[in-house]
Each structure stands twice: as structure tokens, then as C-alpha cells.
Amino acid sequence: MTLKMKSSLRRVLCVMSFASIGLLAAQNSWATQGGADSKAVPQEIEQRLQAMIGADARFAEVKPTAIAGLFQVQLGMTVVYLSADGKLLINGNMIDLDKNVNLTQEVVFQSRREVMEKMDESTMIVYPGAKTQSPKTITVFTDIDCPYCAKLHKEIPVLNAAGITVRFLAYPRSGPNTESYFKAQSVWCASNQTEVLNDAMMGVEPDKKQCADPVDEHMQFAAQLEVNGTPNILLENGDLLPGYVPARKLIGIVRQ
């Protein structure tokens, strides 16, 4: 295998950050659907993954698919398919035509929902939606120094009026121990968080505060979800919308 091809396959299988690998370390390596008897992962697939991505292969979750001889390989939020002999790789979506379901997408959505279940809402800054017959919730990774985050923030009243609760997690794109990071800490340590966050999004410097803040934990969740920008909007079904979405359009997406 050429170095160029090996590098390409590494990108396809999304060699993950330490935080993402930590998420998968809790899972069984070479996991199979329905046990390890007749559906055990072929040795050829194990060997191919080890050749392609080295030690990270132990974090890959491998399951048989409905197609004989084709296995699903998941690493983080990336899903591909390998033939049982390890010679063919398919990078694309598997669709159940009878049910009109994107099976590949649903695997990723389910993984995101599992991460979302681990999030503690008490560590978020929450703007409750109006009471409606079908309330919805979105979870947003935000950066105080992100212009498009500020643009989305201004539209919270529109989203709330439509019955959508908006929950914020901190994701300073510049990383730990930066100005954006310290601003996030100060906002989350404020006694009046929503007011301070509102002001910060309008360019008002928050008073410097320190506490047992959740910023690092939020950044770990972002890594597990492979968030790499802001705003990123996580829906209840596990869909992840990268970037700013106008409120009216977002309402339509949430209510689909």
C-alpha cells in the first residue's frame, strides 16, 4: 500500500483525537452484533484495519451488515464498510430502500445521542422555550468570540417563541488557556449566567471569575462528537448542524 493511499484511508477512517478515542475505549474492541460466535470479525478485517490505521484499530467497532460478507466499521463518528476478505472498502451510505432509512446516518445519529445522554443539563446555560404541544430542544456548542454564534444568539427569542429550548455548551475554538477559554469560564461561573452570556455575545467583557466550571468537560463532549467549529447545533435525533442556521429555517428543520 502506498503512503498516499494509506494516508487517504486514515482520513476516511477519521483517526481521532485523544478524547474521541477515550469514548471508544469503553467499548469492546472488535465488537460484533449478536455475539462472537458465527458472526466473529474475520481475521482479514482485523489485519487490514491494523495495516491501515495501526494501533487505533483496536478502537474500531466492527459489526456484520444485512449484506453477506460486508462488515460495518465505525471509528468515532465515521462509518465505512469492509468486505470480509479485507480487500474492498466502501465509503458511503447504506440505504434501506423498503423503509427509506439511511442506515449509515442512523448509526452516527445513535452514537451522538449516546454522547448527548451523558451531558448534564445543569452544566449548560439554558433558555427555555415557550410551552407548546410539541416542545423541542437544541443543544448548541458556542464560542463567545464567534460572530456567527452571536448572530444565532440574537435569534434565541424567536426560537423560544416557537417552543424550542436552547441549551448552550462552551466550545472556545482557540483551545484551553486562551482569552476565549477564560471568557467562557467567567460566563459559566457567573451567578446570572444568561444575562452575562447575553452581554458577552454583544461584546461586553465578562468579569473575570473562576469556579469548578464545566468548560473542559464541554470541550471533551465536542471532541467526542467531532465538533470542530461554532456554532454547532445538535438536534434531539442526533443530527448535527455545522455553522449558523437562520432561526426560521432552523425551526423548520427541528420540526421536520
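For all residues, glycine too, the Cβ spot is worked out from N, Cα and C.
According to TrEMBL, the protein has these features:
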- 39-105: domain 'Disulphide bond isomerase DsbC/G N-terminal' (DOMAIN)
- 131-251: domain 'Thioredoxin-like fold' (DOMAIN)
- 1-31: signal peptide (SIGNAL)
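Secondary structure of the domain 'Disulphide bond isomerase DsbC/G N-terminal' (39-105), assigned with DSSP and counted as helix (H, G, I), strand (E, B) and coil, comes to 20 helix, 22 strand, 25 coil. The helix, strand and coil residue counts that DSSP assigns across the domain 'Thioredoxin-like fold' (131-251) are 48 helix, 20 strand, 53 coil. Per-residue pLDDT, averaged across the domain 'Thioredoxin-like fold' (131-251), gives 98.
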